[in-house]
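J.: Before I ask anything, let me first share the structure, which is written out below as structure tokens.
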């Protein structure tokens, strides 16, 4: 499963939050740990993945244990479905066991051990480790090591499940193909190496996982209602196939489909369908932006049963130090992303030639050219009104040719609308020297230039058009 972020797995400094129980919740500010890179030795024997695929060595490129799990389990499941009647009790237990094993991954392997998003008492650790073993996705240490590398090197060749290599590679390919340990990005797992329970799980994972994934569901269904075979095929094998591919969807779908409301510097996305099948891991863009937050979303209606489970566990004292990212920083991310979207939209629109790119025209030249061209001067900017049809009549427009119409345009005759100012900007052709001097705008000297968007373009908001005068000039009253 992936939990993406360019900031990668991070240790964190914490601050008490005013939200909820301060003794249980902490705000975290991630700090990327300093982890030395592996040094590549060009004289070292080539890994199989550094050698071309041939008819003689193709089998050496594959991870056969993973191949048996990924391809063998679905075939066993299909055989079981066609040869074993499904009992209602077994179906109910299989669904519950699916949720339990999924929770072992999401609340345990992922948020507890990979990201240290909260701390857990030993009973909760044992409970989650057993559920994670039932998912048969590797030991706590192995899973967390790859996941931390994924966060640190998201979307690069050092990312173990790099989605840039395609959907199928991110989904299952990275497990089918034997990984080159010299090419996978390094991650810091010293905290896991010093945890006796995690290392016990790592050393004895295969027998523990075999029991939890296959033997326990068979015994449970068999001893309670005599359905050993159904317990094995449905609560064991079929459940495991669904758990695996639900988890794999976080590596693949959650990096390809969905929204990016918090950060778009990497491929992580929020995807509701993935959240449904993974107990809340589908809010992946949030997770990659704020990886040490025990939540995968802010709002109550964002589907994240893992968050609810952790919170309830904290009420019973089984979980504590629940990390939450400062809300102010989360809101900043939202605003910045929305600004990016607006900037991309703005970049598609015609805002007229930027003032600094306009030529400088002498006032005498403006007067001379106005004899043959429909030029209008407003606030020091020359506009060529060729082809424009004035809604108030062409007579009003012609009366402004060759003149400074600043006052008339800004309330002297009519206080033109925001749309009129925007439209006028598309007709500008020069700025004048003399008269209303605005050459200074071209260099910015002595003037406060408008803010720029992320594309480097000036942001022109309502009422900030260069042709608008504040406050508008009052029209002359009739005597």
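Glycine is treated like the rest: Cβ placed from N, Cα and C.
Pulled from Swiss-Prot, these are the listed features:
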TOPO_DOM  1-61  topological domain 'Cytoplasmic'
REGION    1-28  region 'Disordered'
COMPBIAS  1-18  compositional bias 'Low complexity'
TOPO_DOM  83-89  topological domain 'Lumenal'
MOTIF     110-115  motif 'Histidine box-1'
TOPO_DOM  111-204  topological domain 'Cytoplasmic'
BINDING   150, 255, 284, 288  Fe cation 2 binding site
TOPO_DOM  226-229  topological domain 'Lumenal'
TOPO_DOM  251-479  topological domain 'Cytoplasmic'
MOTIF     284-288  motif 'Histidine box-3'
DOMAIN    357-433  domain 'Cytochrome b5 heme-binding'
BINDING   390, 416  heme binding site
J.: Checking distant contacts: for the topological domain 'Lumenal' (226-229), what same-chain residues at least six beyond its ends satisfy Cβ-Cβ under 8 A?
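T.: Apart from its flanks, the topological domain 'Lumenal' (226-229) reaches 80, 84, 87, 89-90, 218-219.
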J.: Given the binding-site residues 150, 288, and counting only Cβ atoms in the protein chains shown, which has the most within 10 Å of its Cβ?
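T.: The largest 10 Å Cβ neighbour count belongs to 150.
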J.: Can you tell me the CA-to-CA distance separating residue 255 (Fe cation 2 binding site) and residue 416 (heme binding site), as a whole number of Å?
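T.: Answer for this pair: 48 Å between alpha carbons.
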J.: How many other Cβ atoms sit within 10 Å of the Cβ of residue 284 (Fe cation 2 binding site)?
T.: 31
J.: Test of understanding: give the count of other CB atoms lying within 10 angstroms of the CB of residue 255 (Fe cation 2 binding site).
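T.: Total other Cβ atoms inside 10 Å, all chains included: 29.
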J.: Is it possible to get the count of other C-beta atoms within 10 angstroms of the C-beta of residue 390 (heme binding site)?
T.: 12
J.: Within 10 Å of the Cβ of residue 416 (heme binding site), how many other Cβ atoms can be counted across all chains shown?
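T.: So the number of other Cβ atoms within 10 Å of residue 416 (heme binding site) is 19.
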J.: Going along the chain, which residues at least six beyond the ends of the topological domain 'Lumenal' (83-89) come within the CB cut-off of under 8 Å?
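T.: Distant Cβ neighbours of the topological domain 'Lumenal' (83-89) are 221, 224-225, 227, 229-230, 233-234.
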J.: May I ask for the distance between residue 150 (Fe cation 2 binding site) and residue 390 (heme binding site), taken between their Cα atoms and rounded to an integer number of Å?
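T.: Pair distance, Cα basis, whole Å: 60 Å.
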J.: Round to a whole number and give the Cα-to-Cα distance in Å for the pair residue 416 (heme binding site) and residue 284 (Fe cation 2 binding site).
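T.: Per the Cα atoms, residue 416 (heme binding site) and residue 284 (Fe cation 2 binding site) stand 47 Å apart.
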